[in-house]
Amino acid sequence: MRALKSVSLLMVPLLAFFFAPASSGATAATSPAATGRVVAAGGLSYVAMGSSFAAGPGIEPTEPGSPSSCGRSQQNYANLLAERLGAALTDVSCLGATTANILSTDQNGQPPQLDAAGSATRLVTVTIGGNDIDYFGSLSAYSCQDGGGRDCHSVNVGSIDRTLRALTKRLENVVRAIHVRAPRARVLLVNYFTVLPAHGTCAGVPLSPRHQAFERSLALDLAADTAVAARAAGATLVNLAAASARHDACSAEPWVNVFHPAPGDWPYHPTVAGMAGAARLIEQVLTAGGDGIYGGENKGDGFAALGAANPVSVL
């Protein structure tokens, strides 16, 4: 593993920037990959992109009309946020997505997620990067191995290290491509939920000390890369990793499942409570500064983070 980046996710300055309301006739761009859920007719045009931590597989009910292979929940943070904002949502998040699936590569017959954004789009949220570095694949593989499972997958540490070196640039490319495709949109990079406790584990997280250290390091690298990319490419960082730190899989009020969850739930993936917490946090970011999301113009050159300083009071 590489040395951890010296990015302090707890000391990022808050610089809120806002955008003007969309015209009453604006709606979200649609594509074969998209399920446009209009929560309020003529509302803010909102596109949600990302991997399973945005989609919410295993959380019932699933989004009507969405591809079953994507695992989109009607209770994921995008749907909950759209309800709170009265927004017109196009959710193209998908289980297993990588940065390539946002930018240029089809996924299970669905076009790149970027295709869902357009000139009418005013808000974009993105949770991506974990599958690029096999974060949850390695977490599940090591849990299987250390928990005495059979037919466990192997982990290619060399491949993970190589991809980590390119991850910041990949994330920057995602943000910049969204700005080109949707120049009036505010772009929020929402990083991943915290899965592991800061020290030790529990029966639901069967990891050896060595694998605990590896996965914690990987999670910190992923969060740091997301912060750097947000700053460099002109996105707003939503520091969900920090806000969920007291809601890890071993906590009394977890926002993610354990390795062997209840039937139908996904190992180490968000719960309903986690998605609700994420939606509240994102809304806090959007309304920071007092004017709400309709208060100004997004020039694509700002950087903000919320959720690290006092997650208990926020959530």
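In case you wondered, yes, glycine gets a Cβ from its N, Cα and C as well.
Values in this document were obtained by computation on a predicted structure and should not be read as measured data.
Residues or ranges marked as signal peptide by TrEMBL: 1-28.
Annotation source TrEMBL lists domain 'SGNH hydrolase-type esterase' at 48-275.
Sequence-distant neighbours of SER52 (active site, nucleophile) (same chain, 6+ residues apart, CB-CB distance under 8 A): GLY71, SER93, CYS94, LEU95, GLY96, ALA97, PHE136, TRP266, HIS269. Under the heading active site, nucleophile, TrEMBL lists SER52.
TrEMBL lists CYS70-CYS94 (among others) with the feature disulfide bond. DSSP classifies CYS94 (disulfide bond) as coil under the three-state reduction.
Under the three-state DSSP scheme, CYS152 (disulfide bond) falls in the coil class. Taking a C-beta cut-off of under 8 angstroms and a sequence separation of 6 or more, CYS152 (disulfide bond) has the following same-chain neighbours: ALA141, CYS144, GLN145. The disulfide bond annotation in TrEMBL covers CYS144-CYS152 (among others).
If you look up TrEMBL, you'll see CYS202-CYS250 (among others) marked as disulfide bond. DSSP assigns CYS202 (disulfide bond) to coil in the three-state reduction, placing it in neither a helix nor a strand.
TrEMBL lists HIS269 with the feature active site. According to its DSSP assignment, HIS269 (active site) is coil.
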